[in-house]
Amino acid sequence: MYPQNFEEKIVWYSITGIYILYLMGAQHLLAPGLAWFLAFYLCKKLWNQTEDTPPEERITIPIGIWVWIICMLFMEVALVAAHLDFDMSLFKTIKSSINFFIRTWALFALFPLIGCLKIRPQLIYRAICIVCLQSLIIIPICYVASLIHLKSLLYVSPLFKLGGVGAEYYNVYLYGVDGETHQARLYLFTPWAPALGLVGDLYFFLTYKEASKKWRWIGIIGAAAMVWGSASRLGILCFLILPVVNFVLCYFSRPIVQLGTGIISFLAGLFGLQIINWAKDFKAQFDGQRAGSSRVREILGNLAMYRWKTEAPIWGHGVAEPKGPPVAAGKPIGSHHAWFGLLFTNGIVGLIAFAIPLIWTFIEFFIKAQKSDLAKIALGVVLVLFFYSFAENIESLIYVYWPALVIMGIAFKEKVSFNILS
């Protein structure tokens, strides 16, 4: 499995060379650059397209991708309006547009758009499996480094000076240390441990349909090792639950699945009170594993909601508050939660601008997944992103999981019959 054209070569080497890019600190710069470059490349091909262009070379942009494009443009409108609302300077508005739109939210539209190019999903599956193999080699080295107490932070990439955002995106770590348990947590090529859990969960779905059994198992084991090494509570929970949820959704049109869900619903009605109590106990235990982290997240959410409602309900504040109060451990207000963060920075307009395409994407892939293997993978990607949106600012991490968005774009492009009962 090797790249066969220009766009495949760029995608292939950008994925398989991820550890080299991480050591250079170039990921956060390269991924947005890659997205915008290939998007302009696609526009050029679209401009040069004529009636004589062979059908296999033609580029069409599906309606699902147009939904993302239009809604992400509204995200920029909200950002600019918020800056005007708070009388921020033109320089500040341009800087925020670069750092908090061009490098983040815009990528939700651009990477699926790139999927309209001639890029085979199998190529991305194999590239991800290669990254998982690389990770399986590097993970033991990181654990040994933690056991012999080598310095966890190796260096900060000099590219940080070009970045315009926090140094955490340019730090190169061997491992991290949990502030409460003092146990080692892996970062690998991500900025922090929960981000590695997110990547591992996405990689599981991206490797599951790899054609080669050998590479598929390498990918699955590598993805599981990422999730386990991250020690992310949500990462482990998603790794255990979402494959089952995805299976039920993908085969929902089959009578046996409908019968099974009907029986489960009936039993849930009978034992509803016990299930609710069990869920409460589980949540308490889940939060108690890292009580300090859960407390900070709750405080940040409450602060973001209060200040959104009282100060900037329509357009938001434009940017997250860089340093929160001591009670929130100094964490930025508007962080650690995509939805609260959206309300704080982009207001109700921003929240709607993200919710609409996410719901559209879920519905389209749910329908397509009844017949399409590619849509099954894309639906798994949507589920992971949805769950993680309640714990991370997922827009700021696109630069490490962008291959999943390209798969979404390819799935949008795929033609599938919508008669799920046939």
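Cβ atoms are placed via backbone N, Cα and C, with glycine included.
As recorded in TrEMBL:
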- 20-42: transmembrane segment (TRANSMEM)
- 63-84: transmembrane segment (TRANSMEM)
- 96-117: transmembrane segment (TRANSMEM)
- 124-148: transmembrane segment (TRANSMEM)
- 186-206: transmembrane segment (TRANSMEM)
- 218-249: transmembrane segment (TRANSMEM)
- 256-276: transmembrane segment (TRANSMEM)
- 338-362: transmembrane segment (TRANSMEM)
- 374-390: transmembrane segment (TRANSMEM)
CB contact flag for the transmembrane segment (96-117) and the transmembrane segment (124-148), at least three pairs under 8 A:
no
Can you tell me which of 20-42, 63-84, 124-148, 186-206, 218-249 gets the most C-beta pairs within less than 8 Å of the transmembrane segment (374-390)?
218-249
Do the transmembrane segment (218-249) and the transmembrane segment (124-148) come close, with at least three CB pairs under 8 A (pairs 6 or more apart in sequence)?
yes
Taking residues 6+ outside the transmembrane segment (20-42), which of them lie with a CB under 8 Å of any CB in it?
6-7, 10, 14, 59, 102-103, 106-107, 110-111, 113-114, 116-117, 156-160, 162-163, 165, 169-172, 188-189, 398-400, 402
Six or more residues beyond either end and a Cβ under 8 Å away: which residues meet both conditions relative to the transmembrane segment (186-206)?
18-19, 21-22, 27, 124-125, 128, 131-132, 135, 138-139, 142-143, 168-169, 171, 173, 175-176, 178, 219-220, 222-227, 229-232, 234-236, 238-239, 242-243, 246, 377, 380-381, 384-385, 388, 391-392, 394, 397, 400-401, 403-404, 407
Remote residues contacting the transmembrane segment (63-84) - C-beta distance under 8 A, at least 6 residues beyond either end:
92-93, 96-97, 100-101, 105-106, 108-109, 112-113, 115-116, 312, 314-318, 345-347, 349-350, 352-354, 356-357, 360-361, 364, 409, 412
